[in-house]
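Participant: Before we start, here is the structure in question, set down as structure tokens.
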Amino acid sequence: MMRPFKVFRRNFTSSGISLQTKYSQLSEAQRAFLDRSIRVDQAGELGANYIYQGQYLVLSHTRPDLKPIMKHMWEQEIHHHNTFNNLQVRTRVRPSLLTPLWKVGATALGVATGLLGKEAAMACTEAVETVIGGHYNDQLRVLANQFPVDLVNEAGEVEKEGVQSTELEDLKATVKVFRDQELEHLETAVEHDAHGARPYWLLTETIKLTCKGAIWTAERF
């Protein structure tokens, strides 16, 4: 039996509206989607955090001119990671069972691409952020189109149909901000010679495929 999405259900039915009305409960499918989304977003931002950490460890010594750029992007990833960590705790969503693997794999990817040079590191960033940006866009479409709830009064009568709760609007706003920052990282990578990596296509497509596999796995395990 699926664990109830307890905190979200409680908040979605009570916060931000009068005492005489409440939000109707989310369906099992909606709660399951939120559960998976928060788990994979936390795992993904954890991975991005460790990738940038590995790259910064190398490039801060081999390419000190890149330190401000790398540090800025890394600090944003730390913020993303911390945000989803806190949301995961609040909503009692279990973390991915493979969290230790994500840490090791992401650090190895960051260090390896850093050692290959600036172009490879930037190509890695481009590939990772392309997948993450697309993932967030897909998530936002589902949240916008498949999460209407009703406002119900104490008598059980529906007062307004098809609204979205304050908490869900806040979640969408957070995902939008993070998506835009990830896409900024992508643009920064292209501006700093990501396409100069060799072999560019093999490197980026391999990393994209790895990221997509990690997303699929983190959603489920």
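Using the three backbone atoms N, Cα and C, a Cβ is placed for every residue, glycine included.
Sharing the feature lines straight out of TrEMBL:
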BINDING   GLU45, GLU77, HIS80, GLU182  Fe cation 1 binding site
BINDING   GLU77, GLU129, GLU182, HIS185  Fe cation 2 binding site
Participant: When you average the Cβ positions of GLU77, GLU129, GLU182, HIS185 for the Fe cation 2 site, which other residues in that chain have a Cβ within 8 Å of that mean position?
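Facilitator: Everything else in range on the chain: ALA48, MET73, GLN76, THR125, VAL128, ILE132, GLY133, GLN181, LEU183, GLU184, LEU186.
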Participant: I'd like to confirm something. Which of the binding-site residues, GLU45, GLU77, HIS80, has a Cα closest to the Cα of HIS185 (Fe cation 2 binding site)?
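Facilitator: Its closest listed neighbour, by Cα, is GLU77.
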Participant: How long is the line from the C-alpha of HIS80 (Fe cation 1 binding site) to the C-alpha of GLU129 (Fe cation 2 binding site), rounded to the nearest angstrom?
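Facilitator: If we compare the Cα positions of HIS80 (Fe cation 1 binding site) and GLU129 (Fe cation 2 binding site), the gap is 13 Å.
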Participant: Other residues near the Fe cation 1 site, CB within 8 A of the CB centroid of GLU45, GLU77, HIS80, GLU182?
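Facilitator: Nearby residues not in the site list: GLY44, ALA48, ASN49, GLN76, HIS79, HIS81, ILE132, PHE178, GLN181.
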Participant: Could you state the whole-number distance in Å separating the C-alpha atoms of GLU182 (Fe cation 1 binding site) and GLU129 (Fe cation 2 binding site)?
Facilitator: 6
Participant: How many Å separate the Cα atoms of GLU77 (Fe cation 1 binding site) and GLU129 (Fe cation 2 binding site)?
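Facilitator: Given the Cα positions, GLU77 (Fe cation 1 binding site) is 11 Å from GLU129 (Fe cation 2 binding site).
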Participant: So of GLU77, GLU182, which of the binding-site residues has the fewest other Cβ atoms within 10 Å around its own Cβ?
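Facilitator: Taking GLU77, GLU182 as the binding-site residues, the minimal 10 Å Cβ count falls on GLU77.
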